[in-house]
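Listed in TrEMBL:
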- 64-85: transmembrane segment (TRANSMEM)
- 91-109: transmembrane segment (TRANSMEM)
- 130-148: transmembrane segment (TRANSMEM)
- 160-180: transmembrane segment (TRANSMEM)
- 192-212: transmembrane segment (TRANSMEM)
- 242-268: region 'Disordered' (REGION)
């Protein structure tokens, strides 16, 4: 959905804000929409989580605990070790922090959605501590994401930060969902291939949409075999110029010879 909205916003900005969308951007939008469609068709079915009790059991899973610890440790290393050294020169430092923490924020949103559903159904959700813990974790995760995403945007160009962030964020969310909700356990081979193919198609589309956004598309950028007509035209022009120059060349030496002979006669 995020990739689809990114492509849709590019089309809207080109339509209503008079921003130029070159050929690379149009191809990138088409690839993003096609990749999103393929990914939705082959999307894995997650296990049904209908209560906070089942959500708590998911969060206590050893695989998710290991994943969460790795995310937190790597984020702390990126913030306090790699950030001061390489944050101003490498776009991956701050974007990796946002992406890793974002995977945890998506899990918190899933848990809060279940809590709100139970609250509206009349269950005493406010008395359970898990809902409040998920809310506090969500606020912390979103605050960290906004902080370091703004730092990345202050240092690097938006056309560089945006595609890298979307790719890394989606990858981390897919990993977290696969570990927490066991989405990939019962998938058949064609759905796995379709999901990966759709994701790679989306990545290619986003790369074309943002990497070449400010590059004007001219015929000089076409491959050589597409420039055959232009090269033939230039060759004909050059041959015509050479033909004209060859026609004028005999006149110049004759004039020079005539002037030289006249000077010799005057001297004699």
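Heads up, the Cβ atoms here are built off N, Cα and C, so glycines get one too.
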Long-range neighbours of the transmembrane segment (160-180), counting only residues six or more past its ends (CB under 8 A): 2-3, 6, 44, 46, 58-59, 61, 63-64, 67, 71, 91-92, 95-96, 98-100, 102-104, 106-107, 149, 152-153, 199, 202-203, 206-207, 209-211
Intrachain residues whose Cβ lies under 8 Å of the transmembrane segment (91-109), provided they are six or more past its termini: 59, 68, 71, 74-75, 78-79, 82-83, 134-135, 137-138, 141-142, 144-145, 148-149, 151-152, 155-156, 160-161, 164-165, 168-169, 171-173, 175-177, 180
